[in-house]
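The structure under discussion appears below in the form of structure tokens.
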């Protein structure tokens, strides 16, 4: 199931420089591409917030209950990944019903095979581990024009095929949305007006083995 079916919407930030006006536009756009690609920023530091524009107490108050320390950080966090081994060992949630309810005693041609409870349990555990699609979280620096500046993004592990036989890969099927503050400027150079505005940022929260 693609994200077009879930009507997932995220904000794409684009910058347009005109003859008499410099402005940043936030445009809602449906997308099947997560995590969000790096944004193309105007490199001119004139459009960066200054130190006096970033009082932590004021920005925390502005963001309010949307501040989630599990997914955002003001200062640079440890930029580390969960290892593949650690991620696969920590299976997320209960065993899926489609695996748990598999009838391993019946072959595709109707022939019955004997399989003990212990052997069946071990095989289902192996199958779940093999087809499991964990979300690997990594910290990403969004740059000085976002507050908090650091976000913990989710990615689907795709170092190998997740199906047996091979062919399918892990793809995102669910996401959560976090609200950040974005430094927003209108106008041109000394005539510009800048302020912090809330924007939503989608993060992959669940992956599934899919075609």
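In case you wondered, yes, glycine gets a Cβ from its N, Cα and C as well.
Here is what TrEMBL says about this protein:
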| type | residues | note |
| --- | --- | --- |
| SIGNAL | 1-20 | signal peptide |
| REGION | 28-55 | region 'Disordered' |
| COMPBIAS | 38-55 | compositional bias 'Basic and acidic residues' |
| DISULFID | 133-170 | disulfide bond |
| DISULFID | 156-207 | disulfide bond |
| DISULFID | 162-209 | disulfide bond |
| DISULFID | 185-194 | disulfide bond |
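Look at the compositional bias 'Basic and acidic residues' (38-55): DSSP puts its residues at 6 helix, 0 strand, 12 coil. In sequence order, the disulfide-bonded residues near residue 162 (disulfide bond) (Cα within 10 Å of its Cα) are 133, 170, drawn from 133, 170, 194, 207. Cβ-based crowding with a 10 Å cutoff singles out 207 as the top-ranked of the disulfide-bonded residues 207, 209.
In the set 133, 170, 209, none of the disulfide-bonded residues has a C-alpha within 10 Å of the C-alpha of residue 185 (disulfide bond). The Cβ of residue 133 (disulfide bond) lies under 8 Å from the Cβ of 156, 157, 162, 170, 171, 207, 208, 209, each on the same chain and at least six residues away in sequence. There are 24 other CB atoms within 10 A of the CB of residue 170 (disulfide bond), with all protein chains counted.
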